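Per TrEMBL, these features apply:
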- 53-79: transmembrane segment (TRANSMEM)
- 99-119: transmembrane segment (TRANSMEM)
- 169-193: transmembrane segment (TRANSMEM)
- 225-242: transmembrane segment (TRANSMEM)
- 263-286: transmembrane segment (TRANSMEM)
- 325-343: transmembrane segment (TRANSMEM)
- 413-435: transmembrane segment (TRANSMEM)
- 441-460: transmembrane segment (TRANSMEM)
- 472-490: transmembrane segment (TRANSMEM)
- 505-525: transmembrane segment (TRANSMEM)
Amino acid sequence: MAPEKESNGLDNYAFALEGRFCDLPDKKNGGELNSLTDGDNNKLAYCVTDVPPWYLCIILGIQHCLTAFGGIIAIPLILSQGLCLQHDGLTQSHLISTIFFVSGICTLLQVTFGIRLPILQGGTFTLLAPSMAMLSMPEWTCPAWTQNASLVNTTSTEFTDVWQSRMRALQGSIMVGSLFQVFIGFSGLIGLFMRFIGPLTIAPTISLIGLSLFDSAGMSAGNHWGISSMTTALIILFSQYLRHIPVPFPTYSKDKKLHTSRVYVFQILPVLLGITLSWLICYILTTYNVLPAEPDQYGYLARTDLKGDVMSQAPWFSFPYPGQWGIPTVSLAGVVGILAGVISSMIESVGDYHACARLSGAPPPPKHAINRGIGIEGIGCLLAGAWGTGNGTTSYSENVGALGITKVGSRMVIVASGVLMVVMGVFGKVGAIFTTIPSPVIGGMFMVMFGVISAAGVSNLQYADMNSSRNIFIFGFSMFSGLVIPNWILKNPKAIATGVVELDQVLQVLLTTSMFVGGFFGFLLDNTIPGSKHERGILAWNKAHEDDSSNTLESGEVYDLPFGISSYLSSSSWIRYIPFCPPGTPNSLDGCGVDAKSLEPKQPLGHPEPAQIIVGVAL
């Protein structure tokens, strides 16, 4: 849900901005708008197509990068456990640099040729669950000696072969799985998928992403519960209790000269502030030897000097490139598991597109823009696999929420964010800094982050009638099955023995992926057990994802292809048969494919945003 209006000044601008103001959607046609309301609260400082001053683009671009830091950094750190890299900080820093670099490239592709909304791209947790399930298979279990820091020689050929063979298998599966997303997007079949998927499928699928990662959170936090609890408490304090309190910052403008502006810094950067403060406290405790110096003592992993040599070893400049870990390999089991994550990612992204359009003052995205956005995200996953991030990319709900806070919906700000992430990926020292974050601090962040992801999934049930015993049964059974079955398979890895090795591997990955098990039962039961569309939440779900795709001049300005491509193609009659191109006619106005008689003001959606945006609001 969107940020709610508060009487204590929450809706004041996070930054003192001057620019052309645009109307945000308001209450029309009896719909409800839970985000921004009367007066100046319905104004944007900069719309999608506006270009703010270059310094403002850089400042807000940095903010978007910081907002996405938590998710982008968390993914390589979690993957390092499955890749046997817990004790190799230098390689972890390479992975962080690579995912920053690829996320920047994918963001630029999405803003320029994709959906063309101000939406950031980054690593996705929907691919993390099947990836960890794949790496938990018996043949990919980490050797015991890789779990002991004293036995690991990170420069040895043996150790390099251990983690790179796992990474190459992961890369190949992600690359092949992403081709499915490319096909679904550019062929226009995403609408067909959405027709059969409702809240009772989405809720268990998304919720189980967070719940299935409880073991990773517990292992990291358990290394020092005091430090992890402090990190969790700080993030909760900043994001929930102090988010309405502005902090004065000195600013300068030509009109007001040097003055102070109120910035809701706790609302914008709670995760980063919580991690940084806990990190600093761990550094002080390490400096004064309060934390134990013996590896076998409890709390040793909270020290900040365990990977101190990483900063000195990491190069100043490193240029990630495709195939840097070797030639990717492909396994059927990995591909099928990744497909489950790809489908979930696509559904989430469609919701994010509509929410982003609402908060950036754009008309609802038409079909061709959605198709193009999903297709470009597929290409982004393909690039992420080729570069070797161990993950894919998706639209970031956290940054969609930031649009409502800053009231700057310009896509040029996201272009600046993409360029900044590419630059950070090139500077090797940047990735090395984040590998020195103590494990308990990361665990405390996971406690909050995974909890919010689980809640974001459950919040989709607002569309369904949860007084219905049918819906309660479907959701409850799907959730419980998604926890029980993977847990039992992991404890009994030899239970699946069909006689066909490839089939055994496929079943092993699918049945140990909680989000697949829960989503499969939710999809099957919701589409087979009799129930009205109102009861199932399909009517409310479709309203929230309403595709008001009639052409207007405004939608053409936002969603048409750049560099005059749409104007060039609009004179061709065959263009209407291409699902990802703007429909054009020979008599189009200004190359936008718009009939002059149809230039009527769009009726903006008056429905609550998709529930995925709760992630951005809560964090």
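Cβ atoms are placed via backbone N, Cα and C, with glycine included.
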Contact between the transmembrane segment (263-286) and the transmembrane segment (441-460) (3 or more Cβ pairs under 8 Å, separation 6+): yes
For the transmembrane segment (99-119), distant same-chain residues with Cβ under 8 A (at least six beyond the ends): 48, 68, 72, 75-76, 320, 352-353, 356-357, 360, 362, 365, 369-370, 372-373, 375-377, 379-380, 383-384, 387, 389, 391, 393, 395-396, 399-400, 403, 409-411, 413-415, 417-426, 430-431, 558-562
Distal contacts, the transmembrane segment (225-242) - CB-CB under 8 A, six or more residues away: 266-267, 269-271, 273-275, 277-278, 281-282, 299, 302, 438, 440-441, 443-445, 447-448, 618-619
Cβ-Cβ under 8 Å with the transmembrane segment (413-435): same-chain residues at least 6 beyond its ends: 46, 52, 56-58, 60-62, 64-65, 68, 73, 89-90, 92-108, 111-112, 118-121, 307, 310-311, 313-320, 399
Ranked first among 53-79, 169-193, 472-490 for CB pairs under 8 angstroms with the transmembrane segment (441-460): 53-79
Tertiary contacts of the transmembrane segment (169-193) (same chain, 6+ residues out, Cβ under 8 Å): 83, 127, 131, 134-135, 140, 325, 328-331, 334-335, 337-339, 341-343, 345-347, 350, 367, 370-382, 384-386, 388, 390-392, 547, 579-580
